[in-house]
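**Q** Starting off with a structure, shown below.
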Amino acid sequence: LIMGHMVNAIYQIDEFVNLGANSIEIDVSFDDSANPEYTYHGIPCDCRRWCTKWEYFNGFLKALRKATTPGDSKYHEKLVLVVFDLKTNSLYNYQAYDAGKKLAENLLQHYWNNGNNGGRAYIVLSIPNLAHYKLITGFKETLKNKGHPELMEKVGHDFSGNDNLDQVAKAYKKAGVTGHVWQSDGITNCIASFIRGIDRAKKAVANRDSSNGFINKVYYWTVDKYSTTREALDAGVDGIMTNYPDVIANVLNESAYKTKFRLATYADNPWETFKN
């Protein structure tokens, strides 16, 4: 996946997909009552990016639904997966369940159209804090209570805090998650990637490829340079999050990579570990 980073204004959906992204990441900020309120990142954010673009969350969901509903005038066939970067650090731990409940209610109504020919993209709920694992429980139980447990087939999970992978596994156990796991690793583009290195991403890939690992897919962020793109592909990641989708697309076209990698389509299962 080429994952467009920080797509928080509606017009940016077209912009990033047209540059080559088949996935986008959206920041979701919450109000004091744990309602998802805006698609908004805020300051500070990645270097060479405008941090303060925003929409109302439900307005963005409606636009996203159009972009991922076949037959709609705004439809993008290649946009297959959406990561919601949930900014839950503004909430108390005890609010995590409510945040999940309200997120599910909003998505059900405005994105999935109450289960009636809604948007088709796969969704990854990315949570920054392991202590907020009950967000997953709240989300899952709400879809079940509303009569749409089948929509969980479209939902995957990520803990984005760069935590120790053993701790991540424990949080999933508490949340009752046994699949659909994307593991993120990375750092803001303001810090050169070689300072932090790619070791943790390699550990995540090793977990993914082991017989008893809990990870299905690994993505690395935020990659804007040709050299870092090659390094991430060499490590065997499944997705690269970027501010410049065209850079990643160009590298994937290089002779060293174009026989080994291809862009995911809707026919690919994002929860299934790719076996060489």
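Cβ coordinates are placed from backbone N, Cα and C, and glycine is handled just like the others.
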**Q** Would you identify which residue of Asp72, Asp85, Asp98, Asp158 Swiss-Prot lists as part of the Mg(2+) site it also attributes to Glu25, Asp27?
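**A** Looking at Asp72, Asp85, Asp98, Asp158, the one Swiss-Prot places in the Mg(2+) site next to Glu25, Asp27 is Asp85.
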**Q** Need the cross-check against Swiss-Prot: the disulphide partner of Cys45, picked from Cys51, Cys190.
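**A** Among Cys51, Cys190, the cysteine that Swiss-Prot links to Cys45 by a disulfide bond is Cys51.
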**Q** Fewest other Cβ atoms within 10 Å: which of the disulfide-bonded residues Cys45, Cys47, Cys51 wins that one? Let me know.
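**A** It is Cys47 that, of the disulfide-bonded residues Cys45, Cys47, Cys51, has the fewest other Cβ atoms within 10 Å.
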**Q** What is the total of other Cβ atoms whose distance to the Cβ of Asp85 (Mg(2+) binding site) is within 10 Å?
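**A** Asp85 (Mg(2+) binding site) is surrounded by 25 other Cβ atoms within 10 Å.
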**Q** Compute the C-alpha separation of Cys190 (disulfide bond) from Asp85 (Mg(2+) binding site), stating it in Å without decimals.
**A** 19
**Q** Radius 10 Å, atoms counted are CB only; among the binding-site residues Glu25, Asp27, which position scores highest?
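**A** Within the set of binding-site residues, the most crowded position is Glu25.
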**Q** Counting distance between Cα atoms, which of the recorded positions His5, Asp85, Asn253 is nearest Cys47 (disulfide bond)?
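**A** Among His5, Asp85, Asn253, His5.
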**Q** Count, for each of the active-site residues His5, His41, the other C-beta atoms lying within 10 angstroms of its own C-beta, and report the residue with the smallest count.
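**A** Minimum Cβ neighbour count within 10 Å, taken over the active-site residues His5, His41, occurs at His41.
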